Amino acid sequence: MSRPLTGALAHGFLGKSPIWYKVVICLFLVLNPLLLVTIGPVATGWALVLEFIFTLAMALKCYPLMPGGLLLIEALLLQMTTPQALYEELQHNFPVILLLMFMVAGIHFMKELLLFLFSRILLGVRSKAILALLFCVLSAFLSAFLDALTVTAVIISAAVGFYAVYHRVASGANPREDSALESDQQVAHLHREDLDQFRAFLRSLLMHGAVGTALGGVCTLVGEPQNLLIGHEMGWHFVDFFLKVAPVSLPVLGAGLVTCVLLEKVRLFGYGTLMPEPVRRVLTAYAAEDDAARTQAQRIALWVQGLAALILIICLGLHVAEVGLIGLMVIVLITAFTGITDEHRLGRAFQDAMPFTSLLVVFFAVVAVIHQQQLFSPLINWVLALPAEQQPGMLYLANGLLSAISDNVFVATIYITEVKQAFLDGSMSREHFETLAVAINTGTNLPSVATPNGQAAFLFLLTSAIAPLIRLSYGRMVWMALPYTVVMGGLGWWAVTYWL
C-alpha cells in the first residue's frame, strides 16, 4: 500500500479525533482477541466494558457510536455475544427506541412555543434569583413530560439568539444580519465589559436550566430514556412511576430549587451575575420588533403547539399508548395543522435523535455481552448478600459513581437487567425489587450531574454552538455543577437509604 494511501486511511479513521485517541482505539481492537485467547472470555468481557466506558468518557474527542460500534462488531466476531442475543435485547427495549425516534422529533415541532416562553421569561423578570428559579422550574416541568435534550436545545437557541443580537450591536453591525460571533475584534471597547458580564449571566442561566432538566427528568416515566427502560422492566405506567420515585425525587427537586436561589444570592461557583442594563435595552427593543412582525399564521402555530402539548400531557398521564406512539401523534397533529408537509422539513426533526438512538443499540450490544459472560453477577450477588436495608444505598452509590463518568442509560440498563434476573431467580421479594429499581433510577439520574459525561443534556450543552461563545468549558461546567452534585447526590442517597 502506498504511503499517501496509508496516510489518507489513517487520517480518515475516526476523522478529526486526536492521534493518541485513534492509537488507543486501535490498541483496544488488537488487544481484545489476544485477551480472549490468553485469559478467557470473562476477563475480556470486563476489558470490553471498560473500553466502552472509555469511549463514553471521551465523547468530546469522538462521538462514541463509531469507536464503540467497532468494539462491539469485534465482540460479535469473537462470539462474545450473538446477533440473535442483540436482536432480543432490542426487541425487549423497543419502547425506549420508540421514545427516542418519535417523542424527540415530536417535541422538535414545539420549539417555537418553548422558545417564546423562555424569551418572555428572560426579558420579563428583572430579579436574577427569581429568573434563575423560573428557568430551573420551567426546565424541570418540561423535562418531566418532554425530552431533556429538546428542552436544553430550546434554552440554547434562546441564548444564542440573544447573544447574537447584542454581539452584533456591540460590533456595530445590523442585529438582523449574520456576523462572526466567534470573534470580539469588532466589539467596541465601550461594550466589552458588558459583553463579558452578559456571557457570565447566560452561563449561569444555562446551567440552572440544564440542572432543571435533571431535577424534573428523574420524576416521571418519560423524563429520561433510562426511566422508560426501568419502568418497562417493572411494568410501571406514568402515574405508577411518579408515585414510586416520589419519596426521593420530590425532596431532591425541592432541595435543588432552594440551591438554585441560594447560589444566586451568595454569588458563588460562577452564579449571581446580573444582565447589564444596556444589554436589556437592546434585547427588549429587538423583541418588540419581532412581536410587531409576527404574522397571523405564526400566532396560530403557537396555539396549535400549545394544544398539542396539553394533549401530550393528558395522553401520558392516562397511558393511552406507548410513549413513542404518543410522540408520533404529536408529530402528525402539529405538522397537519401548521402546514408542514415537506419531507425535508420533517426529516430535520429526526436528526437530533437518530445518533443517540444508534448509540443505544450499541449499549444493548454491550448488555448482551454482559449477559452472556455473566460479568455483573458477582457484583450483584455481593450487593444482595448485604443486609436488605443497606442494598438500596449501595446500589445508588454504585450507579452514581459510574454514571458520573459514563452514560446513565448504559449504567441503568446493566443494573436493572441484573437485578431483575436476581428477582426472577427468587433472591428477593417484589417489594424489595421495586425499592432497588427506584435506587437504580435515582442513582443514574441525580449524581450524574457531576460531569457532562453523565447527563446527555449537559454533554449537548457543552458541545453546542453557545458553549465557546460564552466561555463555557468542561472544567467550568464541573465547577458550576458541584454544589448541585453535593445537594442532589447527597440528599438522594439519604432518601434512598432511609425513606424508601
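Backbone N, Cα and C define each Cβ position, glycine as well.
Listed ranges 205-225, 268-288, 289-309; the one Swiss-Prot annotates as transmembrane segment is 205-225. The listed stretches are 129-149, 150-170, 311-331, 450-470; of these, 129-149 has the most Cβ pairs under 8 Å to the transmembrane segment (205-225). Counting Cβ pairs closer than 8 Å and at least 6 residues apart in sequence, the transmembrane segment (311-331) and the transmembrane segment (450-470) reach fewer than three and form no contact. Counting C-beta pairs under 8 angstroms (sequence separation of 6 or more), the transmembrane segment (53-73) fails to reach the transmembrane segment (477-497), with fewer than 3 such pairs. Counting only same-chain residues 6+ beyond the ends of the transmembrane segment (23-43), those with a CB under 8 A from a CB of the stretch are 14, 51, 54-55, 67, 70-71, 74-75, 78, 80, 373-375.
Below 8 A, the CB atoms of the transmembrane segment (150-170) and the transmembrane segment (477-497) form no more than two pairs separated by six or more positions in the chain, fewer than 3 in all.
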